[in-house]
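Undergrad: What Swiss-Prot shows for this protein is this:
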type	residues	note
ACT_SITE	C378	active site, nucleophile
ACT_SITE	H514	active site
ACT_SITE	E516	active site
BINDING	S13, K186, T187, K188, P189, T190, Q191, K222	UTP binding site
BINDING	S13, D146, I147, E148, K186, T187, K188, P189, T190, Q191, K222	CTP binding site
BINDING	S14, L15, G16, K17, G18, I19, D71	ATP binding site
BINDING	D71, E139	Mg(2+) binding site
BINDING	G351, L379, G380, M381, Q382, E402, R469	L-glutamine binding site
REGION	1-265	region 'Amidoligase domain'
Amino acid sequence: MTRYIFITGGVVSSLGKGITSASLGAILEAQGLTVTLLKLDPYINVDPGTMSPFQHGEVFVTEDGAETDLDLGHYERFVNATMTRKNNFTTGRVYADVIRKERRGDYLGGTIQVIPHITDEIKAKIREGADGADVALVEVGGTVGDIESLPFLEAIRQMRIELGDQQTLFIHLTLVPYVAVAGEIKTKPTQHSVKELRSIGIQPDILVCRSEQPLPDAERAKIALFTNVPEPSVISLSDVKSIYEIPLILRDQGLGNRVCEKLNIKATAADLDDWKKVVQAQKNPRHTVTVAVVGKYVDLEDSYKSLSEALIHAGIHTQTRVVIEYIDSEAIELHGTELLKKVDAILVPGGFGSRGIEGKILAAQYARENGIPYFGICLGMQIAIIEFARHKAQMENANSTEFDPKTPFPVVALVSEWMAKEGIIEKRKWGDDLGGTMRLGGQPCRLKIDSLARRLYGEDRVIERHRHRYEVNNDLIGELEKKGLVISGRSIDDRLVEMIELADHPWFVGCQFHPEFTSTPRKGHPLFIGFIKAGLAAKEAKKAVLAAPSQEKTD
């Protein structure tokens, strides 16, 4: 029997429902329970795949190829479960499926309404996503009071009636602000948020109160009194330097035990030693390295959420504080590579569109010519290919057909056919819809013997997640190999280039996939760990060069 924990948010958005849900999931998992997490998004897009990163932040890709909310990345980083397309759905997906059923005649000519048809579809999708888990944590996107969230809230209200309070539990996340002018903590926004939730028919069982500082006992008692929530169930969650402390903080306040008690679950004590080690390593670095992330969405760091977390994970596993310098590639186009001179390593992440492309190419050229560690991910690998073709293989004006359809040297072109990991041949062509038409999800990659990639991974075959439409053009790859480009990874059918490196460079790696999606704080990822180690080595080498003249004088 699956128990359901519904997490809602009030007062303001961006309080951290996803992190809180994932942290509670980590606690329950450490108590011996199998856990899954679902995210219900109230927007009408079918999925976030075609949304601007400035609007939505990162699109997280699941193993089975779904383009989902970035919160699923948090879920996978905190718990051991692998998310699928069933773990995230939107209002748009729900309505599309209901309308499809209506067109098919499934409702026998009935009038289709929000209640019961939309709410029934939501409940069915929740049950489907939760199937097989001891506990399903269901995060409802948006803020209580928003019109968009009402069908989801109505659906979970109905599930409480249908399943009872031994199988369902409501957690409400609210803001308890500190008003500096008055010098007071204000509980009124939380009171009104719970009042709004109760007007919908939902009484929260547990409150998680977000604040700048830990809540005093008097304020917790006041919140309990006015919200009809027992005082032990009013949890204080103040700001922390590392999100990986949160499972420990919530465990220490008894949240996991409180949940198990309310849901009548017999569970063991939570063993969070792994999380203690992660936090200790993050708080006590022995080294510092500066990494430039050269992209076009740098004004919103959530656009590269999994990437920044993967760099932090690599720092945890190398005892290094990773300082991330986000550099707009258009700024490099305007001001040149001067912006890169103080960094120890350069990373060019994925992206779409032609804006800022030449700045990324300059960054790749600067890294190649100056022996600076370079990590190109997805578009970042394609950028490295274009730069190498132009400046090492004498392919003047080489480009991707995404940016210049008439380029004389299309070293990167639309991928029209590939073999999925199930052995099925998938095809795409010009003019296909943008949504859901990319090469998506986990795909196997065969690594070249004696390559840097093979040494980093420690195995011959890996599976990594993809999200792209363009690939390296096999017709021109031979000329690039003659000039020193190494193809260190290929698709399992040998048709597609998955990884590249340079033999005459200290650390220059490109991959067509997104390794950041599978990095976790407890394990890290071999490519990111290798990249940070290379950055440290480059930093030490630079120090040695700078120290050399003074050493000569001493001699």
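Every residue, even glycine, has its Cβ placed from backbone N, Cα and C.
Burial and contacts for the listed features, if you can.
TA: In the three-state DSSP assignment, the secondary structure recorded for C378 (active site, nucleophile) is coil.
Within 10 Å of the C-beta of H514 (active site) there are 22 other C-beta atoms, taking all protein chains into account.
Every protein chain considered, the tally of other Cβ atoms within 10 Å of the Cβ of E516 (active site) stands at 28.
Under the three-state DSSP scheme, P189 (UTP binding site) falls in the helix class.
Q191 (UTP binding site) counts 16 other C-beta atoms within 10 Å of its own C-beta, drawing on all protein chains shown.
Under the three-state DSSP scheme, G16 (ATP binding site) falls in the coil class.
DSSP classifies E139 (Mg(2+) binding site) as strand under the three-state reduction. Sequence-distant contacts of E139 (Mg(2+) binding site), defined by Cβ-Cβ distance under 8 angstroms and a gap of at least six in the same chain, are I7, K17, G18, S21, L37, L38, K39, L40, D71.
In the three-state DSSP assignment, the secondary structure recorded for R469 (L-glutamine binding site) is coil. All protein chains included, R469 (L-glutamine binding site) registers 16 other Cβ atoms within 10 Å of its own Cβ.
Residues belonging to the region 'Amidoligase domain' (1-265) score a mean pLDDT of 95 in the model.
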Undergrad: From the binding-site residues S14, I19, P189, L379, Q382, pick the residue whose C-alpha lies nearest to the C-alpha of E516 (active site).
TA: L379
Undergrad: If I take the alpha carbons of T190 (UTP binding site) and I147 (CTP binding site), what is the distance between them in whole Å?
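TA: Cα-Cα, rounded: 19 Å.
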Undergrad: Out of S14, K186, G351, which of these binding-site residues is nearest C378 (active site, nucleophile) by C-alpha distance?
TA: G351
Undergrad: Would you kindly give the Cα-Cα distance separating K186 (UTP binding site) and L379 (L-glutamine binding site), rounded to the nearest Å?
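TA: On Cα coordinates alone, these residues lie 47 Å apart.
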Undergrad: Using only C-alpha positions, which one of S14, I147, G380, M381, H514 is spatially nearest P189 (UTP binding site)? These are the recorded positions in the record.
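TA: With Cα distances computed to P189 (UTP binding site), the winner among S14, I147, G380, M381, H514 is S14.
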Undergrad: With every protein chain in view, what's the tally of Cβ atoms within 10 Å of the Cβ of Q382 (L-glutamine binding site), excluding that atom itself?
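TA: So the Cβ neighbour count for Q382 (L-glutamine binding site) comes to 31.
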Undergrad: Going by DSSP, is K222 (UTP binding site) sitting in a helix, a strand, or coil?
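TA: DSSP assigns K222 (UTP binding site) to helix.
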